[in-house]
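Scroll down for the structure; my scribbles are underneath it.
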Amino acid sequence: MKKHDNIYAKALNKVDDFKFDESVVDVFPDMIQRSVPGYETIVHTIGELAKSSVTPNSMVYDLGCSLGAASLSVSRAVSANTCEIIGVDASSAMVERCRRVVQTFTLPNPISIEQGLAQDVDINNASMVVMNFTLQFIPPSDREGLLASIYKGLNPGGILVLSEKVKHPTRSGNELLIDLHHQFKRDNGYSELEVSQKRAALEKVMLTDTFNEHETRLKKVGFADVVMWYKCYNFTSMVAIKA
């Protein structure tokens, strides 16, 4: 049974920067479902994309794997013994919990979970790389280099699935999307206090780009095409394809 997210339910004297610590890990499944519109659709579709993209004897990397939802989706969607999946997360608490989650299943394709920064992962022989709401937490100065490393490590025809919270290029449009997202959270039981304190906690650690900035950067490092396949409010998922 999912634990209820009430991390920001009481007024805090000081709202610290958001981090994926033990308190967040404990409530993460509830938090992500109530905060990200279409999260289940995104995770399911990552598996669907894997069916047509993951090739025999290749690697799949899930960078910023959290509790392994995307890794599990890929493992179950692809024919048995097709690939090896490596999930990587910077949070020690998340890695420890993710390993426990993964070990509870008998999986068609093996998943190993490692602790580390996405920027430090050596991508090789990859048919698919997933970053599901990860790049937005990586320092902007590191983003292009990370994407270049992913592109280099992907086999021809390989894909990067990149899901991100994005900002709209106009101020009024961006505020509209933020308002819609905040209402989505209220509809899912978060109070005004929770919404405002969570926003303050994320302000300095989650730095978003526009879709055009993502597309330009992905094409700059070599990707032949970038397809936005999902968007709701200021949340999107895209597929970058290596020719």
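The chain as shown is numbered from 1 upward.
Any Cβ shown, glycine's included, is placed from N, Cα and C.
In Swiss-Prot this protein carries:
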type	residues	note
BINDING	TYR39, GLY64, CYS65, SER66, ASN132, ARG199	S-adenosyl-L-methionine binding site
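All features noted in Swiss-Prot, drawn onto the structure.
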residue : record                               : DSSP class
TYR39   : S-adenosyl-L-methionine binding site : helix
GLY64   : S-adenosyl-L-methionine binding site : coil
ASN132  : S-adenosyl-L-methionine binding site : strand
ARG199  : S-adenosyl-L-methionine binding site : helix
| Least surrounded among the binding-site residues, given as TYR39, CYS65, SER66, when other CB atoms within 10 Å are counted | TYR39
| query | What's the longest C-alpha separation between any two of TYR39, GLY64, CYS65, SER66, ASN132, ARG199, the listed S-adenosyl-L-methionine-binding residues, in angstrom? | reply | 22
| Residues satisfying Cβ distance under 8 Å from GLY64 (S-adenosyl-L-methionine binding site), sequence separation of at least 6 | VAL88, ASP89, ALA90, ALA118, MET131, ASN132, PHE133, THR134, PHE137
| query | Which ones in the same chain are close to ARG199 (S-adenosyl-L-methionine binding site), with CB under 8 Å and 6+ residues apart in sequence? | reply | none
